[in-house]
Amino acid sequence: MRVYEALKWASSFLQENGRDENAGEIVLCHVLKTNRTGLLMNMREEITAEQETSFTEFIHKHVEGIPIQYMIGHEMFYGRSFFVNEEVLIPRPETEELIVGVLERIERHFGDEKLHVADIGTGSGAISITLALENKNLHVYTVDIAQESIEVAKENAKTLGAEVTFYHGDLLSPFYETGQKLDVVVSNPPYIPEEDWRGLSPVVKEHEPKRALVGGEDGLDFYRRFMEELPNVLQKKAIVAFEIGVGQGEDVKGLLQQAFPHAHVEVVFDINGKDRMVFAEIE
């Protein structure tokens, strides 16, 4: 079997079974230990019988519901490869837009000041590690309630050469317990309503950690808790940045305005035109 034949088969098989037809390309890159460019340049190359077997097994497992990223053990985020397993949420492209928004506002709000930044809900470390690598003026802390997630993120920080301080704890508790003040707080908290979670694709519901996805009956539980804790840990001049679920923009904006009446609060839409981020600039 040639490369192009393997891709053609996978695309058709995945489509027939309601999966993303592009997943075959990701899997074949992994099996052949190459990148997309290498794949495209060698479309007529023969793959070995062993590679073909491995490739078809991966594709069949994905059709059964296992996410590709957990099978191959990594996902690309902001141009870097992050190790992932079933203890952490798979990083999404939408969260890259959150990173862009945070970095832009830091530059506008603080210039090149040295800042204390916290990412709440570590997961794979995609947010905290990316911020630390993209802006060397940031002292980045990150907190997760699950030690298993922290271990994954620590491995990513070591592999990618990022300096991040890890805390095992619940939301902002490590900071108000120590009196540490923060200039920037970023979070992609669990925001899916309980009822919506029940209707998710089995690929997500049966494999990604529920604790990283569900935010109570209306999806807003964690944002409400943040509003109780943020005033205790923020500097007078600060930035708060949240990723949100579709349709939650005005609710989260309202919560932030209630907690910080003089802040400039903005709902930002993602590349698909959906409300996806809320930023508060506090003076």
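Yeah, the Cβs are placed from backbone N, Cα and C, and that goes for glycine too.
Annotation source Swiss-Prot lists S-adenosyl-L-methionine binding site at Gly121, Thr122, Gly123, Ser124, Gly125, Asp144, Asn188, citing sequence analysis. DSSP assigns Ser124 (S-adenosyl-L-methionine binding site) to coil, not to a helix or a strand. Around Ser124 (S-adenosyl-L-methionine binding site), the C-beta neighbours below 8 angstroms that are at least 6 residues distant in the chain are Glu75, Phe77, Phe82, Phe83, Val84, Val88, Leu89, Ile90, Pro91, Ser149, Val152, Ala153, Asn156.
Sequence annotations record features per position, and here Swiss-Prot assigns substrate binding site to Asn188, Pro189, Pro190, Tyr191 based on sequence analysis. Cβ neighbours within 10 Å of Pro189 (substrate binding site), excluding its own Cβ and spanning all shown chains: 20. The DSSP secondary structure for Pro189 (substrate binding site) is coil.
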Distance check, please: Cα of Gly125 (S-adenosyl-L-methionine binding site) against Cα of Pro189 (substrate binding site), rounded to an integer number of angstrom.
13
Out of Gly121, Thr122, Gly123, Asp144, point to the one nearest Pro190 (substrate binding site) in space (Cα versus Cα); all of them are binding-site residues in the record.
Gly121
So of Thr122, Asn188, which of the binding-site residues has the fewest other Cβ atoms within 10 Å around its own Cβ?
Asn188
